[in-house]
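Novice: Attaching a single structure in structure tokens format; questions to follow.
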Amino acid sequence: MLKLAPTPSDDPVLRLTGITKTFPGVKALNAVSLELYPGEVTALIGENGAGKSTIVKVLTGIYRADGGEITVDGEPVNFTSAEDATAAGITAIHQETVLFDELSVAENIFIGHAPRGRFGLIDTSTMIARAQEILDRIDAPLRATTPLKDLGIANKHLVAIARALSVDARVVIMDEPTAALSQKEIEELYELVDRLKAEGRAILFISHKFDEVFRIADRYAVFRDGEHVGAGLMADVNEGDLVQLMVGRAVDQIFPERDHAKGAEVLRVEGYAHPTEFDDISLTLHAGEILGFYGLVGAGRSELMQAIFGITKPSAGTIQIAGEARTIGSPAQAIENGIVYVPEDRGQQGAVLGLPIFQNVTLPSLSQTSRGGFLKLAAEFALARDYTERLELRAAALDQDVGNLSGGNQQKVVIAKWLATKPRVIILDEPTKGIDIGSKAAVHAFMAELAAEGLAVIMVSSEIPEILGMSDRVIVMREGLIAAELDRADLSPEVLVRHAAGIGPKVHENEMEERP
């Protein structure tokens, strides 16, 4: 039984009651309630499409709620613009910070509300001094006069936080703030959040990562399908409780049970090399097998997959499909030979965001949906429906544009697109990156189903639990070379990290030749 949080001694600085927001054909928010308290972090948790982004836009004045009430310090407010929300002390720091590279740090901090002197002109010296004061207060190692374009992602996040403090925000919304940060930068962000709490600010922290939520949050609120389904103290719940609230059912295993049997060899790569990305890569892949690839950023994993798929050409090496030598010089040749690739960047490389779902799914399979040179709309819909239903795609209709889907559902569309070609080998590059835990479970279950049907799967992942939970074998890459090839029985987090970080030796040429 999940416990509800006791009423705190302080009243909430922000309270939402019965908030409703409807778009054509979709009820994005259905009588949602939420409370944020001073000096506390509330984690907002939910699957993609649960309504988190919509509630943020309502809170920041981008959307107007169709019904319900918002109060600040107990007084009803009506936000008709972002300026109204800012004036009420509410500001948001988004996953992709909205800043201007051509302006200085100070100009970005005070854009829209710069101090002004005589004749209404911007008082530049005062603006720089105030900006530097805020930066120093949050221990940001930045100068207010520095051009923003000279900063990295982590420091741009600090500028966004400084901008929130420049309007004396009492409520700070952080939407997936760690998505592009290193572990060191994440720890520094945690320290900054602790300081904001100590100043009495209320923080709404949106994250898919449970380790972050349990590290930083005092309270939680869970949304599911546009409804508020639970809230309470973090101290009273565990990960399983939150998952159950998110998906509406108990999820005992994010990684499905498999028998790990494998069939005949489907793919063999020998001596693949690239002038700058990888060297002397050899591997085999069998029907029904999930081969995991693990490594640190820059290890060459994605570059190797792009070469196998024909996006880039190797400088050396051979490839065999089912024992026969093949030439893979382009993605078209790879597809002809039964190899497909789901890229890490689904938005830029995997999906056409401006096209509807059914056209995305059927794009590489037009021979199945046309007759006499003419496309058959019914055949397109039937093919798209078959694969999207198997992947439990959540969408209003198959003619909905992919760009309007959540990240997890976009990923399902890309996977469906390539499965519709009936491949022998599917390469999944970071298949669950940036998607919620419910969508992850669905993708994992479908991967297991594909392997059970005899499809050969290569899974590139930077998530150790995913590597451990899904792989039959794992190849660890380091600096463009194979550092280790490990059977399932030999896998552990320590072993993976040791080989990826270079604590263990790389595989030598004679060891490569000993592989079956």
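Placement of Cβ uses the backbone N, Cα and C atoms for every residue, glycine included.
Annotations per Swiss-Prot:
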| type | residues | note |
| --- | --- | --- |
| DOMAIN | 14-250 | domain 'ABC transporter 1' |
| BINDING | Gly46, Glu47, Asn48, Gly49, Ala50, Gly51, Lys52, Ser53 | ATP binding site |
| DOMAIN | 261-504 | domain 'ABC transporter 2' |
Novice: I want to check the contact list for Glu47 (ATP binding site): same chain, sequence separation of six or more, C-beta distance under 8 angstroms. What comes out?
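Specialist: Expected: Arg224, Met246, Val247, Ser406, Gly408, Asp436, Ile437, Gly438, Ser439.
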Novice: Going along the chain, which residues six or more apart from Ala50 (ATP binding site) have their CB under 8 A from its CB?
Specialist: Phe223, Arg224, Asp225, Gly226, Met246, Asp436
Novice: Just to be sure I understand the packing, how many Cβ atoms besides its own are within 10 Å of the Cβ of Lys52 (ATP binding site)?
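Specialist: I count 23 other Cβ atoms within 10 Å of it.
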Novice: So which of the binding-site residues is most packed in, judged by how many other Cβ atoms lie within 10 Å of its Cβ, out of Gly46, Gly49, Gly51?
Specialist: Gly46
Novice: Which residues does Ser53 (ATP binding site) neighbour through Cβ under 8 Å, counting only same-chain ones at least six apart?
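Specialist: Listed in sequence order, they are Asp175.
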